[in-house]
Structures are given as C-alpha cells and as structure tokens.
Amino acid sequence: MLKLFDRFVKYLRKNTEDKINKYLDKHMINPISESLKIALFYGIVSSLWILTSDEILIRISGSIERYKILQTYKGLIFIFITTLVIFHLVFIRMKVLGKVLNKIGTSYDELSTAHEELIALEEELREQFIKLQENKDALYKSEQRYGLAVEGADCGIWDWDLIENQVYFSALWKSYLGYEDHEIKNTYTEWVNLLHPEERDEVTLKITNYTLSKEGSYENTYRMRCKNGEYKWIFSKGKAIRNEEGKVIRIAGSHTDITEKKLLEDKISSMAYIDKLTELPNRLLFEEKVSELIEVKKLTDEGFALIYMDIDNFKHINDMLGHEFGDLLLKSIANILKDFIKYPNFVARSGGDEFAIIFDNIKDRKSVVNEVERLLKELRRSWSINSQDFYVSYSVGISVYPEHGINLSSLFKSADIAMYYVKKGMKDNYCFYSLEIENKNLNLIKKVNYLRQAIKKKEFYLLYQPIIDLNSGEVIGGEALIRWNHPIIGNIPPMEFIPLAEESGLINDIDKWVLETVLIHKKEWKEKLNSNIKISINMSGKKVTSDKVINEIRNLLNERNINPKEIQFEVTETSIMDDLEHSTYILRKIKELGIGIALDDFGTGYSSLTYLKKLPIDIVKLDREFIKNVINKESDLVIVEHIINLIHDLNLEIVAEGIEIEEQRLILRERKCNYGQGYLFSKPIAKEEFEKLIASKENN
C-alpha cells in the first residue's frame, strides 16, 4: 500500500515538473538566439545608419564645420535610436522572462503546497494503512480463532438466504453425514429431503414459524439421514437478519452432531423410566402418562380406566422356586402384556409383582370389563418354566376417570383399594372401586389401629382347650388360644384379627405376649399345684422366620425358670411355606432348646408329606375336616386310618382336632390315635377353669 502511495507521489512530482518544462519550452528566451537577434538588428540598423546618415549630412551640411556639428548630432541621435531599439528589444525579452519567472514561482508555490499536502496525506494514509494492517491481523486472528472454535466445538455452519432461497452448508457439516462437499446441493429442498420422515413436517413448521415470529434465536433438535442410510441427531441453532420491515431475509447458524449425547440421554431416560427386569415402563413413566392423559381428557370430556393388577401368592412362588424363577415368571407375564396392550393403551410394571395398565377411550364399564376379561384370559394359563408347571392367578382393581378420581393420586388410590379388596377376599378376580369397598378397607385400617391399642392396653386374654389321652381319658396338656375383648366392639375372633396382625406386622408383639402370659401361668401352676403340664402355643409364620426368636424364647424361659419340655409350639403348613428352608432351620434351633414342635392343621396345606419329611416335628395335629365325616364317609375314614398309620410309622404322635361326639372318639381310639381335643371333652376355657382341671388331675 505504501509502495503504491510513494509511486503516486513521484508521479505527481514528475507531472508538475513536465508541465513547467513545457511552459518554459514555449515561453523561455534562448540566450544565443536572442543575443544573435539583438546583435543582427543592431548591426543592420548601425550599418544602414552609417551608410545613409553621412550621405544625408553631406547634402545638408554645406560646410565642414556644420558637417562636424551634424556629425556630432548624428552620433548622439544614433546612440539615442540604438538605445531605444536595444531597450525595446531587451524590454520585450525581459517582460517575457518576468512572466516565465512569475509562472515558475507560482507553480513552485503550488507544487510546494501540493507537496506538503501530499506529505500530510502520506502520513494519514500511512496511519490508516497501519490501522488497516492491524485490523487485518486482528481479522485474521479472529478468523483463526473462529475456525478453531468451530473445529473444537465440532460444529457445521449453515446459512440460508431466504431472498435467493439458497442454503450454504459447510464442508464439515456435510462430513457429519458422510457426504463430500459436492454431493449435497445448497438448496432448502435438499435439506428438507435429508430430514427424518417422522419429523419432517414438525421441523419445517418450526423453522417457518420462526421466520414469521419475532423470536431472537432459533433452536431445534431432529434427525438427518446419513449417506449410509443411518440417521444422526442434530442440534440446530441460528439467528435471523431482518430488513427494515422486520421480515427475515437471512438465517445463519450451526449444526452440532449430538447423536452420542442423545443415545446417552436415551440410556439415562431408559434407566429412569424403564424397568430393567421386564423392559416395561416403570411407575414413574406410568404416572407421567396418566397425568398427561388427564390433561387431554379435561379438554375432550372422555374417560379412561386405570387397572392395578397383582400376582396372587407371588411371594410363595418366589420363595419355593427361587428368585430367578420368579424373575422368569415376571418376564413372561410382561411379554404377554406387551403383546396384548397396544397404543393408545399403556402398561407398566409399578413395582414388585404389580402391573399398572391404562385402557383409553372407554365408553362404559362394560367395555372395561370386556378388556379386563380378555386380558385375564390371556394371563390365566398353565405356566411351564424350567420344567416346573404351575398356575398363576391375579387380583385386579379398577378405577375410572373421572368417576373415581380426577387426578393421579385419587385414581391410583381407588384402583389400589379395589385391588386390595380382591386380594384380601376372593383373589383371582377383579372389581371396580366403590365407596363401600373403601369403607371396608377403612374398617380394616381402623381395626389395625384398634389392634395396636389392644397390645398397649392389654385387651387380650388366653383360653385353654384341654388335650386328652384317648386311651386313659386324662388331661395331658392344653392349647393356649388367644382372644380379644375390645371395649366397644366386644369379642373379636382370632380368625379376624390374627391375619390382620400378620399383615400389619403386629403379630410379633402378640406372639411375644402369648408366650410371656403362658409362662406366667405355668409358673403359677408350678408353684400352686406342682404341675408340669405341657402347653401348646401357636406360632405365626412371622415368628418362625425371625432370627431373633431363639434368643427371645431362651431368655423368657430362663426368666420364668420354666422347663422347655413343658412347652410345645404349633406351626401350620401355610405359615412356613413362604420360606421352608429358613423356617426349618429356626424350628431345629427351637427343638434344640428342648421345646416340642407340632404340625397343626395337617392335611389342609400344599404338600403335607414333604413337610412330614423335612420338618423337625414331634406331633402331628390332624385337621377337624378329616374328623367330622369319619362316621358317615368311608373314604374319610380310610384317609384318617392311613394318616394315623403313616404318622406312627414315622415315630411321631398324633392329635385329632375337632372331636365333638363319642363315636368319633371311639373310632379314633380304635385306630390308635394318641390324643384328641374338641368340644366333646371341653371347649376353650378360662385360665381359672383350666387350673381346676389340672388340680383335679394332680389330686387323682
């Protein structure tokens, strides 16, 4: 730049000098030429004067004196004339020379001024050039920084000219998708064609809306097709340039490949919203879907049904066959649900052995019933997993929007109440929520609270039912039976509050109270009657599986100084089936203390012979269902005979429960049944009455 400026200055100088020289060439006096002209003119005039003046003087003088005088005048006139001529000639030349000199002076003044201006301009241009160079360097660094930033950020650049409808895509952007620079045309249509078909309308609508809006920046996320046919997730960001009317004329921005980020987000979302075992949506996602559906139904005034389904006795399946087996069952059920439940319906695993389902666009209850029955028909099947064949039933609760709730929590609560009602009653069925059902459940909750208060206020008491030796008729023991006398409700039978206590977790406290009370009574009878009578105590399933029970029993026996052989625990088949191995371990530890073990309600369980073989029992108590028909039904009598023989063959003793008439006693005694209890001998009696029986026995 400076070199060009220097050349320009030199050109100006040269041009000025050339103009002056041309002027001088035109007006300047040539010394030789001008001197020669003056000399020649002077010579000619002098010669003419000499040649003519003397002749004229001779003719007019007339005398020598006069001639001399004229000669003198002639010389003076000659000098005068030549002086005038020379003055004239010199004046003309000097006048021309003065003009030239004035012109030269003016030109040089102008040149000097121009030179000074050029010097000032040169300095200004030099400063501007330096600034321009600095700006150029800054621009270069900025471009480098921008290029590095773009490469570092791994962004592709795009620029859409809406006036010309031309779209520029950077080579880096095209390389994202596996294309060479020349393989993608710079048109809006080309970009649209690369969008995923499922998102094309939505994406184009969004950018169109942006061009029509006053929004500051544009952002969107969508998929674009690669050269190999795969799709990549792109985060698009841009900003618009608007004309004076506010109309968008150009948008420029960047494209970032976020495929890996999107996959990671999907994975995280899957972890947050998908059940790992069944690959069904989890409760969190289900709740979001229900909330969204409620908002839609508020606008459409339509309904939907929320189904809450629980697998009956799943814990038993899990414990008996193993957790791995239980997981396989859950997966199998989930696969059926996936195949059966299609959009717009929705299914999720809400936790454990429970599933939640949405039946959308229902017309009435009948349509819900049809769907539920179709579903249960698919699920009620004989399962075969790992060579194990079994049948699974389900308890299903149903709530309907908006009849049973207008928000998420109320709908879930209603369905859960209905499901709980089925599960605690008939099982393997379904029912809709109703206020009546809720009230029944509330009564159960109220009873649990009553039960909790009963433990604190000691509202329980014990009755004892004697156990009789069928051969001698003597009282050889008794079974302690708990009763509850509520101050308002009155007597509540065990069949009502024991299951409630087991479900609520209060059974451990009740079991402990029973054992403590029996030991207190035993100590009294020992001191008063010197009696060592054996008392049977029912042990709940919770107690059988508790690791704390061994030390608890040992400490209580030591505290009351009671011989362990005077205590017997009764367990039922159903109470130990949830965890047979651990229950067996606990019972062995109890037996090691010297306490007897009796298997109660034999014959009503799931696999009685298995328990006879595995459990460390001393006595088997035959259930009353076998006893009541031994007189009238030959088949029942045959069964009882075989059971008695089997028990004796295992070197165990047997107690027949529910003996109510003499004929039953005689038949059982003839079949060598060891002991019996029932209303024939005595109903359950208070501690004081039982004490009298003991006293009578001791006196005899």
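Cβ coordinates are placed from backbone N, Cα and C, and glycine is handled just like the others.
Automatic, uncurated: that is what TrEMBL annotation is.
Residues or ranges marked as transmembrane segment by TrEMBL: 73-92.
Mean pLDDT across the coiled coil (108-142) comes to 74 in this model. Residues annotated as coiled coil in TrEMBL: 108-142.
Feature annotation from TrEMBL assigns domain 'PAS' to 142-215.
Taken from TrEMBL, the feature domain 'PAC' applies to 218-270.
According to TrEMBL, the feature domain 'GGDEF' maps to 302-435.
The domain 'EAL' annotation in TrEMBL covers 444-698.
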Residues in the domain 'PAS' (142-215) per DSSP class, helix first, strand next, coil last, are 41 helix, 13 strand, 20 coil
Would you list the DSSP helix, strand and coil counts for the residues of the domain 'PAC' (218-270)?
-> 12 helix, 30 strand, 11 coil
